[in-house]
């Protein structure tokens, strides 16, 4: 653990990004902590943060930024941010509050609470017009209400979907950077996702692809490019968590998230509500970028909670010994 921490500290000195060093310390110190407490604390922090921002916005300290979404009829500047930096932030925070509630309650999920989150998501959408957060919140709520009626047991399809979600979405997102160059249906897919893959191509062309990216934060965010519509963009925002991790930290780092998905699925293979919730979070990161954000941190801590590296190394060693002995016997 000390060796890993030293490597992340050296990485932080080189890049100015101490996220991984802080994360390693949190994982190490939370190995035996009650994960339910982590989710409760995270929920309180988000609620306090939301209330604080709304109050500051009400008194004019923080601006209510209005943005638009292009429509067939006209361009309406009717998407309120309510003090946050973008109109998507508040709806996504409400989505994560529902996610945290499900992870805390598990088998004791109450339908009236889920309905409350559905109504809250609908009300906020009338002001923020964030379709991604609304669809995710409604889909998750309906899924939980439906699954609660099913018999308990191991849910193999949900388990396998949870394990494969991050690998599949990472591969698809990365492939889109090359498929988009062929045009056709790939252009249509990119347009449906608001052109986020095309923007990622511009980012990839500038910084390249790396197994481990040791570029500084300043260099990574400074793009200064001219987009296809002639608009000058000083910094490209990657609204895809998987592409962000691949381009910012390197291809090898996304493998850590493969492990996170596997650990979360294994710990919750008997709870369909939690498995579905984890999948919803993974899908949310296909259209947003929270994998290295505070909102995803509880899932990382949960994945490595009681994670025994010594036992893992011993098991791998035993398997290697068996293979080696088998080869000797054949000889």
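Backbone N, Cα and C define each Cβ position, glycine as well.
Just so you know, TrEMBL annotations are computer predictions that nobody has curated.
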(request) Out of 219-241, 242-264, let me know the one TrEMBL marks transmembrane segment. (result) 242-264
(message) With Cβ-Cβ distances below 8 Å as the criterion, list the same-chain residues six or more beyond the ends of the transmembrane segment (133-150) that contact it, or say none.
(response) 88, 91-92, 94-95, 98-99, 102, 109, 111, 114-115, 117-118, 121-122, 125, 272-273, 276-277, 280, 283-284
